There are 2 protein chains.
Amino acid sequence: MESTIRRIQINTQHLLSNNDCSSDIDPQYLEIKQSFDANALNKYLFPYEPELKESLTTFWKNEKFMLQPTFGLSLEQDRELTFKQFKRLMELALKHFRLVDLERNPKKIAVFTQGYRFQNTSVTTLMGVHFSLFGASIVFLGSEEQRKKYIEKVEKLEIVGCFSLTELGHGSNVQSIETIAEYDHDKEEFIINSPTVTSQKYFIGGSAKNATHTIVMAQLKVSGKMEGVHAFVAQIRNDDGTLVKGVDIRDCGVKMALNGVDNGRIMFKDLRIPRDQLLNKFGGVNKAGIYTSPINPANKRFANTIGALVLGRYIVSIGSVAFNSVGLTTAIRYSFSRKQFQGSDPKHEKQLISYSSHRKRLIPHLANTYATHFSNNYLLDLLSEKEKKEKEIHILASALKAYSSWSTRDCLQECRESCGGQGFLSENLIGNFKSETEIYTTFEGDNILLYQQVAKFMLSESRKNPPSEYQQPSNEQKQRFDKNYIRSFEFLSSALNSRLNQTIQYVTEKLSDSVSEGSAIMDAWNDNGTYIVRLGVAYTEKTILDKFIAGVMNYPDENTRNALKLLVSLYALNIIDRDNWFLKYQFISPEQSESISIQILELCKDIVPFSISLTDALGFDHEKLGPIAGDWISKNKF
Amino acid sequence: MESTIRRIQINTQHLLSNNDCSSDIDPQYLEIKQSFDANALNKYLFPYEPELKESLTTFWKNEKFMLQPTFGLSLEQDRELTFKQFKRLMELALKHFRLVDLERNPKKIAVFTQGYRFQNTSVTTLMGVHFSLFGASIVFLGSEEQRKKYIEKVEKLEIVGCFSLTELGHGSNVQSIETIAEYDHDKEEFIINSPTVTSQKYFIGGSAKNATHTIVMAQLKVSGKMEGVHAFVAQIRNDDGTLVKGVDIRDCGVKMALNGVDNGRIMFKDLRIPRDQLLNKFGGVNKAGIYTSPINPANKRFANTIGALVLGRYIVSIGSVAFNSVGLTTAIRYSFSRKQFQGSDPKHEKQLISYSSHRKRLIPHLANTYATHFSNNYLLDLLSEKEKKEKEIHILASALKAYSSWSTRDCLQECRESCGGQGFLSENLIGNFKSETEIYTTFEGDNILLYQQVAKFMLSESRKNPPSEYQQPSNEQKQRFDKNYIRSFEFLSSALNSRLNQTIQYVTEKLSDSVSEGSAIMDAWNDNGTYIVRLGVAYTEKTILDKFIAGVMNYPDENTRNALKLLVSLYALNIIDRDNWFLKYQFISPEQSESISIQILELCKDIVPFSISLTDALGFDHEKLGPIAGDWISKNKF
């Protein structure tokens, strides 16, 4: 780190010497230095599997091939390089963990994901498809025999897997997919068919070129009876790469990003697969041709089947924090070294970070990123418990996936813009990562639907434990505008709690009003869709605040803790400032609203001296970042 | 249009026949039909140069080569195809207008830009660089002789131009660029130099491979005296494509999008150019070696030089409306034919458009797009006047560029997400356009800085004509929650007017407080940067509302006018709902705030039946859109 700091200082000197107005630059901004022990904070933020973490850090420092980006390649070249890198990544992964660790030790998977140094995001997507969707299906939905049969082949890439769930006509409504697997009693086989154009498996990553096998999600039909959606393992390509009889695949073509991933669309016509290729942990057909399941009714079985795949949402959330880290580390470092002119007199140039409007663009995203990270750790702890709290995990994973993917979309956009044209250049990573990660908002569950699921959970919980009636703070409280009060965790927690509780009641009343006015419950749900989403958001932001406060207050070093506390206050105040709920329900007075706006700007300013250490603690090695994160002047020498 | 409507109806039937719950679909959403005369509205929206418009429509209907997209090509292939298409586009352009029309008849340029059917956005960017930056510099900054010397060559592409303004160390602060052009009295030449690394011309579109000439913006030095920034024409490549002595160019490499444009960085070392290559309309060196200018002082001259390039901002704004049209036409049509499940019971599927949360995503952007379009037309009228209102043009072009580019960024993002994975596929255009247009936010002036310029203008105007003191509406007014009042233009205009006037006063006070507390005026400006931006936004949104109302109220057909009036109300209510100013300053009561949220949802619903006609009136031919805008089921047949 020392050397980079020095480089940036030199950089700043370059700029100064090239300009005749150096004396106007506020000296405090010239020092890009650690304001606390960033390494110690990094260890606190990433406490799991320290040896694995260390070993991966060393690996990535020296890795060349894997860090070759695909910028500027044709579709074919991009896919070819990506597939090679994916194979290499699988080799690396296997040195550190096995497929069953998805269930036994998800911390290893998390540390591996966090440690991955991406220049080519398509590679992790392919790995996610093969390992965390295809492989995970076998681990979570397969019997012991099925695990034995497949796992080693998956790990050694003797099988390259993809995951066929989404259909042209059905995305989120998985329960209504049209693909059918009918049991043939005579031959003890399933016959898989795509009965309509809309039933084709669509946007299936890895399927257009490379996958040899797929998990097919299909409606199981046994002796004329529909038994609901089940997962089947099917071979789709022969050893020579040709398609298996009964399988037809077309290429989805070029996408706005992630073109290393070969998305395809698949139709099945009388594809026959043996009986034992139904992953039968939650239900299967026995030798006698009878369907049996340990879980009933069918929709509970379905929930288990899909619930097993919750890890994908979690991985989106840790990925989001990692991509935010790249964007923020880059944009904040650049804002310390790049100068821009000042308001009315263009002769006076200052570093970007010294402008209040520039700080306001970046620093709140740093707060959100830290906030998300603490909740990710909490979820990882839940996932690592022997006795898993399935419901809490499902809700939190859905909430964090929605929150973090939108947060990354907005964070990288702001980082891109705040670096100007530099943010648009591929070498600085931000712009490409922006395009590549925005699919996070709609895959693994569309965010709007995820927030509705979270809200549904809250509404059902609230029937058991009704929240307390919303009460405005006292007039005395509403007359407190001082910094200490406005920034205090008591005030902030109470604000987000009150909003959550009142929103639960509000939505409950809205729904029951609609129903009593004659609407079917479904129509009531639809008519109130935007309020329901707001409830999901209110729950998520409140939960994130709770975990953020808990994580920060436990930090041993006071100086660092104080910096983190500023981030907590900024995270929550930003929410209060943006959502008119707080004024509308008079949780705050207009004078407090004014004070909050001011405190947000003050907090952004107060955090600046810590911002280099705070981004460093997120752990993204500067050498892997684009030129503008370091000495971009030297890098642009002719 | 008829055939497409029929196709979508068939499409809907496909979906119905493939699903066993067709009876649950609300029949009103099955009819994708014109609810008013979209062609008549189209003529009203685009009234200029009808013959040119007609001729271009016919041209694009039959054009194949120009509509070949570059999806999936390597950097080299992309650039090669783009350059070929650019040359063809220039040929086409010349059939309809000439370079001097930039000044004489900007309506032709506007109609051409609006008519362009883009699959490859890089082409228009190259044309923008060559025609509206390089060519425009000659038209607006050159003498009659210089016009004569260059214009025909530019039009015939005997010269391929680029525009060297931005430097590595200086983007927005143009007045402080470092490149120097020193006059050599003996040889009657300018010697151009890049004295530092940061002075290299950076991100210069067209320069890495293709341009033969450039406009160089440089500090003019004559007889030891600095005369400010001037524009020079310089040849940079010889006829054989090699670089001219004194010019060194490097490739900026791959970008997140627009890779058909070859951006480069340029350094000059003792490049000598003849005296008559300083574009000397606003100042030049005469034969005697003496600098003369009709405009003094230097900063006024500088403002004229840069002000001449205002057209670029205007083109961003009409481009934004065009790209929004593509996104919205596509996403809204898809939402009529794609079904999704309903809240609690996954068995019941409805078209996306029937969900309140989905309508809330798309319909407000339709309102913003219409709003922007009416202001664009107003600005075009201003630009076409003989006696140009320079100040008003400059402010409005800056305001509209900032507003429209952020609006497009958000609109295409929402369109992308609301189409799920389909929005990510290149063939549906939205995702790629999203990446390509987001550079609009930072080029031709960073939006934050543009809004600050707008605010600065407002502050100086207000010193001459102070706005009336802000007064809350009466208690009686604040107790009106009925739909008619909330949607009324009187209420909405008054709301945006009041916010603007109060914000002017607020910012004025903030600035004067800072100064009286001892801050330098520059520091005061900086400390209040975010408030100043808000003032710029308040002015812009209010101005757009005024022009929107005026445009809508003049529409002759009542049925159509009523549909447009819904858009006006939605545009303004959305602003009021999102900005807590209105509650904070008690322009509205909490009860009105509630009513506004409800009216926004109601308006989105009320607009749906008109939405097909409204998108059709924006004039983007369906055949040029992606599959999901039409019969995407047939297009996905195997």
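Just so it is clear, glycine is given a Cβ too, placed from its N, Cα and C backbone atoms.
Unlike curated records, TrEMBL annotations are generated automatically.
Features as listed in TrEMBL:
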{"type": "ACT_SITE", "residues": "B:Glu444", "note": "active site, proton acceptor"}
{"type": "BINDING", "residues": "B:Thr166, B:Gly205", "note": "FAD binding site"}
{"type": "DOMAIN", "residues": "B:61-160", "note": "domain 'Acyl-coenzyme A oxidase N-terminal'"}
{"type": "DOMAIN", "residues": "B:162-270", "note": "domain 'Acyl-CoA oxidase/dehydrogenase middle'"}
{"type": "DOMAIN", "residues": "B:307-459", "note": "domain 'Acyl-CoA oxidase C-alpha1'"}
{"type": "DOMAIN", "residues": "B:490-624", "note": "domain 'Acyl-CoA oxidase C-terminal'"}
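On the structure: features taken from TrEMBL.
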{"residue": "B:Thr166", "record": "FAD binding site", "Cβ within 10 Å": "22"}
{"residue": "B:Gly205", "record": "FAD binding site", "Cβ within 10 Å": "24"}
{"residue": "B:Glu444", "record": "active site, proton acceptor", "Cβ within 10 Å": "25"}
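Tallying C-beta pairs under 8 angstroms between the domain 'Acyl-CoA oxidase C-alpha1' (B:307-459) and each of B:61-160, B:162-270, B:490-624 places B:490-624 first. Candidate recorded positions B:Thr166, B:Gly205, B:Glu444 yield B:Thr166 as lying near chain A, with Cβ-Cβ distance under 8 angstroms. Residue pair B:Gly205 (FAD binding site) / B:Glu444 (active site, proton acceptor) shows a Cα separation of 13 Å. Secondary structure of the domain 'Acyl-CoA oxidase C-terminal' (B:490-624), assigned with DSSP and counted as helix (H, G, I), strand (E, B) and coil, comes to 115 helix, 0 strand, 20 coil. Distance noted between the C-alpha atoms of B:Thr166 (FAD binding site) and B:Glu444 (active site, proton acceptor) is 10 Å. Mean per-residue pLDDT, taken over the domain 'Acyl-CoA oxidase/dehydrogenase middle' (B:162-270), amounts to 96.
Secondary structure of the domain 'Acyl-coenzyme A oxidase N-terminal' (B:61-160) per DSSP, as helix, strand and coil residue counts: 72 helix, 0 strand, 28 coil. For the domain 'Acyl-CoA oxidase/dehydrogenase middle' (B:162-270), the number of residues in each DSSP class (helix H, G, I; strand E, B; coil) is 6 helix, 53 strand, 50 coil.
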